[in-house]
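**Q** Once you've had a glance at the structure underneath, I'll fire off some questions.
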Amino acid sequence: MGELPKDDWQMNRWKWDGQRFEAIELQGESLQLSNKKGLDLNLPCGFNDVEGTPVDLTRPSKKVRSGSPGSGGGGGGNYPKCQVDNCKEDLSIAKDYHRRHKVCEVHSKATKALVGKQMQRFCQQCSRFHLLSEFDEGKRSCRRRLDGHNRRRRKTQPDAITSQVVALENRDNTSNNTNMDVMALLTALVCAQGRNEATTNGSPGVPQREQLLQILNKIKALPLPMNLTSKLNNIGILARKNPEQPSPMNPQNSMNGASSPSTMDLLAALSASLGSSAPEAIAFLSQGGFGNKESNDRTKLTSSDHSATTSLEKKTLEFPSFGGGERTSSTNHSPSQYSDSRGQDTRSSLSLQLFTSSPEEESRPKVASSTKYYSSASSNPVEDRSPSSSPVMQELFPLHTSPETRRYNNYKDTSTSPRTSCLPLELFGASNRGATANPNYNVLRHQSGYASSGSDYSPPSLNSNAQERTGKISFKLFEKDPSQLPNTLRTEIFRWLSSFPSDMESFIRPGCVILSVYVAMSASAWEQLEENLLQRVRSLVQDSEFWSNSRFLVNAGRQLASHKHGRIRLSKSWRTLNLPELITVSPLAVVAGEETALIVRGRNLTNDGMRLRCAHMGNYASMEVTGREHRLTKVDELNVSSFQVQSASSVSLGRCFIELENGLRGDNFPLIIANATICKELNRLEEEFHPKDVIEEQIQNLDRPRSREEVLCFLNELGWLFQRKWTSDIHGEPDFSLPRFKFLLVCSVERDYCSLIRTVLDMMVERNLGKDGLLNKESLDMLADIQLLNRAIKRRNTKMAETLIHYSVNPSTRNFIFLPSIAGPGDITPLHLAASTSSSDDMIDALTNDPQEIGLSCWNTLVDATGQTPFSYAAMRDNHSYNTLVARKLADKRNGQISLNIENGIDQIGLSKRLSSELKRSCNTCASVALKYQRKVSGSRRLFPTPIIHSMLAVATVCVCVCVFMHAFPMVRQGSHFSWGGLDYGSI
């Protein structure tokens, strides 16, 4: 072990080249990326930006923790001080333990101390402060650590199996040579599964391959014990998915004197399941178990229906179906065919385990991987076996599953193949392999979205299934400083990733050396790295002297591996309950050099120990949180009132990462750096991260919306392209590929980003321009495939169409790419498409105003596959105004004049739109007012009081009666009859 450095290195003394992975020591200079660095954020929300503060969930062991002195708080030059409020104890001369954890000796032993305006106590095992409520009275360790300690004392250690084997051997000293052979075979199995480093005195030596073959020859004829046969039968019945199927093994056969299945059959299934390293042994097992006549006679179960069968081709072999469901071989198959199909089926749907699998076997495609997690019995990430991981226990007592497991279960329920419902058989507490026993499971994971990766570029949707997935790999190098990193570090990491990365960018920060590498790879490459991390770390150590002599941690997604003194340990399952999750950062794009306010939204952002940083130009800068908000929708908000990115390049394009971490665990979000116009366009994407009509239940759902993953993929790809704008391609990785340009161009057109599409086209032309000043054939074929101009016409985006039509590869040569006459499928051109689209007068005007006047001259002559011209398309769709517009332009061109279409002194089209919008607003206003008054009237129920209505009715009745009486001819005693017609007029 090397000597510990005297002082932890400081950020302002080093300049890190994130592209070359090289460190340059500065002389009297300081590299500042932000106006906020080295901040000690003692906020109530739990932020404390002290780089040396340990996080118990990320360190695999107390012995693997950093031995270097504590940093000065994120790169500052001050010596560390005690983090207790009002404690000014200088820790520069204190012990290394107190310097690392920022606590003086007095407060580390005190029963209570005021930290962050809260009374807390220093935990001796966590090496951090907790609230007093987390401690039992008088205890120096928190209850969580004490519970783990008690569980470790009661838990059986992994070496107990070897001890039991030795005890069994010592106890049965009178056993015959056959039992000794069995013990030797079990010892070989244990050693083959990664436990050969822990040999116990007195245990039998590991037999060689020839000895194993001899042992198999001896014990292949041994019958299985009756109790083991019944146990296999019972587990097979429990694992069967269809309960109506008959039992594969009749228990009455044993009572009738039928011979039990041969031990050879069990070993054959075992070898097929575990993947024997000896090809001769596999051939021997398959031939001896299924091709040999004597073995078949011993294996065949007694049946009255087949007692007369003597031919080997007619023999019916029956074996209990451990995967659920009885399976009987067909009598029409030859022995060799049956053996091949039987072995293939066994390897794909049978997982017969004696012990937990070796980590080396996890990379085999036909062997399932065992579950690794942080053991409650140890702080080291080791491979543990838990009773709850048994498939039978999971079948009876299902636990809370992750979204990926739920997707797999849904897929498994809809499958009709009996092989997908297999259940592994565990004889000695083997860990769960059910998740990977299904051969379609890996295919399902690659088709699911996170990786976040994939696209068929089918318009108009923004799909990202085939795109590169951007992820982060973190290394923590103990007892190192930047000067000790080799110059070949980038090459070693690139080769370690099997040359899969399309892009890589690195950042470093103190805490020994925390090296963060952002990598763009395919989803399948990420899956291989996470599933085979142990083998990958082993290959990294073997191929590099620097890594073999280093003590380090590596975090790749869901797994954490550690290397110390040549030993590699792996933890596959982390406790993800309190992991931070960044949903979005607002704004999504910023202008370099301009100060802006930043809002970070996500989940679990205010937990204890979280740190907010900005990664840019190879280094980290701490960010000061000025406000926080914890909503009822489980979405937290962190506010950064003053955020500024300083660009070291004159080019205003780039990308940085906003990181929220707790040790090596955390989440990140890309932040685009561009000019003001592009930033304004990209910031419109925030609506897709915060839909206004999303209800609380949807926000709380752990499955994030698909659109978020698609937009995130778009931002990551755009960030990689912008980063290459100011970095030279001298590192050996391939240039930005055409499929990646294809994805960005389609997304930009579908989102109506005119400024962004021009910038992306400039970068594509710059990389694919030939010596003759023209684009190469591959680029032209790609542009013809995605048909950007047709997409703009479908969206009726006239501004985007004008941008594309006037775009030239070289302005001096006027070499235009997007012509209005370029033919697509069926010889359909943009002119035909626009002519058949309604309300596209502006689009027709733009297409016929191209710089070369191709659209105007081809309107009446350009035909498609059916012989129709754009003029015919417009006439068939009753778009006669299009033909009138083109005819007027042609007449003006012939006469050398310019005509203006003025109707009633104003633009009729614009007027109709404005009037319709105003009328619509007026109608809406009137409707709302009418509804308001209607509600008021309906609330009072009567317009007038009841007495007034009665009086009016009485007066009206009297008036009607008088009028009727006067209009009739009543009989009067004196005088003539009165009639209305006899009345005259005159003065009164």
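Note: Cβ is positioned from N, Cα and C throughout, glycine not excepted.
Since the structure is predicted, the reported quantities are computational estimates derived from the model, not experimental observations.
As annotated in Swiss-Prot:
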type	residues	note
REGION	52-79	region 'Disordered'
COMPBIAS	69-78	compositional bias 'Gly residues'
BINDING	C82, C87, C104, H107	Zn(2+) 1 binding site
BINDING	C123, C126, H130, C142	Zn(2+) 2 binding site
MOTIF	139-155	motif 'Bipartite nuclear localization signal'
REGION	240-262	region 'Disordered'
COMPBIAS	250-262	compositional bias 'Polar residues'
REGION	289-416	region 'Disordered'
COMPBIAS	301-311	compositional bias 'Polar residues'
COMPBIAS	327-358	compositional bias 'Polar residues'
COMPBIAS	368-379	compositional bias 'Low complexity'
**Q** Between the binding-site residues C123, C126, C142, which lies closest to C87 (Zn(2+) 1 binding site), Cα to Cα?
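**A** The smallest Cα gap between C87 (Zn(2+) 1 binding site) and any of the binding-site residues is with C123.
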**Q** Look up C123 (Zn(2+) 2 binding site) in the DSSP assignment and reduce it to helix, strand or coil.
**A** strand
**Q** Including all protein chains shown, what's the count of other C-beta atoms within 10 A of the C-beta of C123 (Zn(2+) 2 binding site)?
**A** 21
**Q** Comparing the binding-site residues C82, C126, which residue's C-beta has the most other C-beta atoms within 10 angstroms in this structure?
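**A** The most densely surrounded of these binding-site residues is C82.
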**Q** Roughly how many Å separate the Cα of C123 (Zn(2+) 2 binding site) from that of H107 (Zn(2+) 1 binding site), to the nearest whole number?
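**A** On Cα coordinates alone, these residues lie 11 Å apart.
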**Q** Note the mean pLDDT of the motif 'Bipartite nuclear localization signal' (139-155), expressed as a whole number.
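**A** That region's mean pLDDT is 77.
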**Q** Can you list the residues of the same chain, besides C123, C126, H130, C142, whose Cβ falls within 8 Å of the Zn(2+) 2 site's Cβ centroid?
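**A** Counting only non-site residues, the set is R121, F122, Q125, R128, F129, E134, F135, S141, R144, R145.
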**Q** Fewest other CB within 10 angstroms, which one of the binding-site residues C87, C142?
**A** C87
**Q** Going by C-alpha distance, which of the binding-site residues C82, C104, H107 is nearest to C142 (Zn(2+) 2 binding site)?
**A** H107
**Q** Cβ within 8 Å of the Zn(2+) 1 site centroid (C82, C87, C104, H107 excluded): which residues?
**A** K81, Q83, V84, E89, V103, V106, S108, A113
**Q** What same-chain residues, at least 6 away in sequence, bring their CB to under 8 Å of the CB of H107 (Zn(2+) 1 binding site)?
**A** C82, V84, C87, A113, F122
**Q** Just the number: how many Å between the Cα atoms of C104 (Zn(2+) 1 binding site) and H130 (Zn(2+) 2 binding site)?
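**A** Approximately 16 Å lies between the Cα of C104 (Zn(2+) 1 binding site) and that of H130 (Zn(2+) 2 binding site).
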**Q** Using a Cβ cut-off under 8 Å and a sequence separation of 6 or more, which residues in the same chain sit near H130 (Zn(2+) 2 binding site)?
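**A** The list for H130 (Zn(2+) 2 binding site) reads Q120, R121, C123, C142, given in order along the sequence.
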**Q** Counting across all protein chains present, how many other Cβ atoms fall within 10 Å of the Cβ of C104 (Zn(2+) 1 binding site)?
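**A** A 10 Å sphere around the Cβ of C104 (Zn(2+) 1 binding site) contains 24 other Cβ atoms.
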